[in-house]
Structure formats: C-alpha cells, structure tokens
Amino acid sequence: MPSPVIVGAARTAIGRSFKGTLVNTPPEELLTPVLAEVVRRAGIDPTAINDLIIAESNYGGGDLARYVADILGWQSVPGQAVNRHCAGSLTAIGNASAQVASGMERVVIGGGVQSLSMTPLTNWRIPGPELKFEERWMTPTHVETPDAPMRDMSITVGWNTAQSAGITREDMDAWAARSHQRAVAAQDAGKFLDEIVPIKVTQPDGSVIEFSVDEHPRRGTTVEKLAELKVLHPEIEGFSITAGNSSGTNDAAAAVVVVGDDYAAAEHLKVLAKVKAWGSVGVAARDTGLGGVKVIGHVLDRAGLKPSDVALWEINEAFASVPIAAVREYGIDEELVNFSGSGCSLGHPISASGARMVTTLIYELQRRGGGIGVAAMCAGGGQGGGLVIEV
C-alpha cells in the first residue's frame with residue numbers, strides 16, 4: 001500500500017479578528033488563494049485531485065470545501081467539511097493521509113480555514129430566574145450541559161491544565177513572552193516568507209491591499225508587561241489565566257497536498273514530508289487542555305517513536321499551560337518547542353491552526369536539515385489531535 005507524503009504546504013498570514021486586516025474577509029476568500037497556490041507549488045493538475053477536506057467550525061453552514069472548489073473552477077473535485085474544533089485541520093490532513101494510504105485515492109488536500117471575525121453571533125439566554133441574554137458565537141457548546149464549565153476554555157484548557165501540572169502564572173507569562181519574542185524574531189529573519197501566500201484584501205474604503213505578514217505578534221512583549229494584565233476570573237482564588245498567556249482570536253487559512261509515495265515518484269513530484277502517524281484522543285471536557293498532552297504519546301506510539309526521536313515540536317498555545325504541561329510530561333527540551341511562536345503570539349485561527357503548524361514544521365525542518373516533527377493540540381469539548389511527519 002502507498003505511504004502518504006506531503007507535496008505542497010502553504011498558509012495565509014494570520015489576522016487579528018474584529019480589529020485586523022481580515023475583519024471583512026469571508027472564509028472562502030481566505031481559502032481560495034491558499035488552495036490555488038498549494039496546488040501550483042505541488043505541480044498537480046486540479047483535475048487529478050480526488051478529494052478536498054477542509055476543517056471549519058462555528059459557521060453552522062454548508063460544505064465550504066465544495067463551495068470553494070467550485071469558485072476555483074474545480075468542478076470535478078468533491079469536497080467535504082470536517083469539524084474537530086481546534087484540531088480540525090490536523091484531522092483533515094489525517095483523513096487525507098488515510099484515504100491515500102488505503103489506496104482508494106491518489107491526491108487529497110487537507111486543510112482548514114477560520115474567520116472568527118465573520119463567525120455568526122446570536123443572543124443566548126443566560127440560565128436563571130431573570131430574562132437576560134448575552135451575545136456569543138453560534139455554536140452548540142454554548143448551551144447548558146451537565147458539564148457546563150466546558151464552555152469556558154480559560155478554565156477547561158488554561159486553568160485546569162495549570163492546576164494539574166503545578167504551573168504558575170510566572171511560568172505561563174514567561175512562556176508567552178518568549179512566544180512573542182520568537183515570532184517577532186522569525187518575522188525579522190524572513191522565516192515565514194516561504195509558507196505564507198500573500199492575498200489581496202479589500203478595505204472598507206474600497207482600496208485593495210496585499211496582506212502577507214502575521215499581525216498578532218507584539219513586538220517588545222516582556223514578562224514584566226504580561227504580569228500587569230488582570231486575570232480573566234478574579235472571583236476564582238488563585239486564578240492565573242490572562243489575555244497575555246492565552247491565544248488570540250484570529251483569521252487565517254492553511255492547507256497541504258497529500259499523495260501516495262508511489263504517485264509522487266511516478267509524477268516526479270517533490271516530497272516535502274512523509275506523514276508517519278496521526279490520531280485523536282478524548283478526555284473529560286473539564287480537562288480539555290490535557291487532550292493536547294495525551295495525544296502526543298498516542299501518535300508517537302503509532303509511529304513507533306520516542307520523544308527523544310523528535311527534532312522539532314509544534315504544541316499549540318491555546319493557553320501557555322498546555323505546551324508547558326507537555327514539556328514536563330514527556331521531558332521535552334523546550335528549546336525545540338514552538339520555535340517560531342505559536343498561539344499566544346502568532347494567534348489561533350481555530351480550524352486553520354493545525355495545518356498552519358504542520359506547514360511551519362515542514363519549512364523549519366527543511367532549514368535544519370530534516371528530522372521528525374510533531375504537531376499536537378487540544379480541541380474543544382475534551383479532545384486532542386496530533387500528527388507526526390518526517391522531513
């Protein structure tokens with residue numbers, strides 16, 4: 001049976017939701033240029049694509065993958081939407097790899113898109129004797145459940161993970177500050193130029209600009225500045241999660257092209273990475289952050305690898321406590337983790353983040369001469385997703 005390999009990988013720059021350049025850019029306009037470019041880079045005719053798997057969350061609409069394929073003129077390409085919340089595009093790449101590895105398909109694109117700026121909002125009634133409402137994103141996780149605290153990720157991901165691993169506010173602020181410093185250093189060194197697809201964005205005044213630089217990293221971020229921020233839940237004794245040691249709300253798209261190694265050889269395609277393993281895990285919703293820790297062992301076991309075999313890691317900073325917990329759990333050298341920043345600095349465009357992480361891993365591993373890379377992240381509702389590649 002064929003082994004899945006990646007022959008194209010690209011992303012947009014990441015925008016700040018609600019305040020940034022992409023605030024009025026719908027998801028299809030983020031995704032179409034990425035798909036067109038990733039196929040061009042791979043050297044594949046669109047008619048050879050067997051399936052397009054795109055992660056999306058919070059929209060509640062139709063099949064965005066097929067809609068975008070039609071916009072691109074790819075009438076022969078079917079499309080499907082997947083939703084594993086934060087880990088959605090890792091699942092999309094994993095599903096693409098599974099289809100190729102089965103021999104059923106030869107060329108499948110996996111990726112994700114998120115425009116939190118354009119996500120539908122609605123008024124949810126606040127449970128209680130009084131008639132009160134609050135505006136929230138239109139997503140089922142905002143209704144009451146037996147485990148209602150799962151609705152607040154600062155608790156289920158940030159705080160509960162910190163509590164379970166003995167992680168302090170100082171630990172998280174130090175990690176977040178370094179994340180920003182690394183992201184800015186990567187920008188200054190031009191490290192993202194190869195992976196970012198510049199896109200044209202229409203501004204409110206009708207002018208068109210090119211967007212090609214991540215706008216979430218904050219130059220000059222320090223531990224001292226982060227220490228000045230207020231915690232999100234002062235009513236909880238000892239609460240240590242702030243906006244500074246949390247990820248941003250962001251807009252972006254990212255995708256990779258997966259083919260079989262036999263197809264790549266026959267078509268003389270340049271292989272960027274081998275997909276060694278992928279998978280997902282479930283945990284209690286109240287411990288959602290730990291899903292991003294548990295899944296690391298899961299995918300490493302599937303790949304027959306140990307943490308010491310891994311050259312570079314992308315462990316999403318939904319909250320800084322998650323990668324810190326993973327580093328402590330597996331004895332990982334933190335210098336190898338989130339080498340160019342992550343969620344706290346680059347931002348977290350939910351369904352696009354996994355594909356962004358894989359793309360960044362590929363290009364950085366190429367610069368360093370190759371090796372094993374792991375992308376891992378927690379996912380809403382008590383899950384974790386992971387992917388292992390080799391460059």
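Cβ coordinates are placed from backbone N, Cα and C, and glycine is handled just like the others.
So that you can see what the record holds, here are the features copied from TrEMBL:
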DOMAIN    5-259  domain 'Thiolase N-terminal'
ACT_SITE  Cys86  active site, acyl-thioester intermediate
DOMAIN    269-390  domain 'Thiolase C-terminal'
ACT_SITE  His348  active site, proton acceptor
ACT_SITE  Cys378  active site, proton acceptor
How does the domain 'Thiolase C-terminal' (269-390) divide up by DSSP, counting helix, then strand, then coil residues?
53 helix, 36 strand, 33 coil
Close in space, distant in sequence - Cys86 (active site, acyl-thioester intermediate), Cβ under 8 Å, 6 or more apart:
Asn316, Ala318, His348, Ile350, Ser351, Ser353, Gly354, Met377, Cys378, Ala379, Gly380, Gly385
Take the Cβ of Cys378 (active site, proton acceptor) and count every other Cβ within 10 Å, whichever protein chain it belongs to.
34
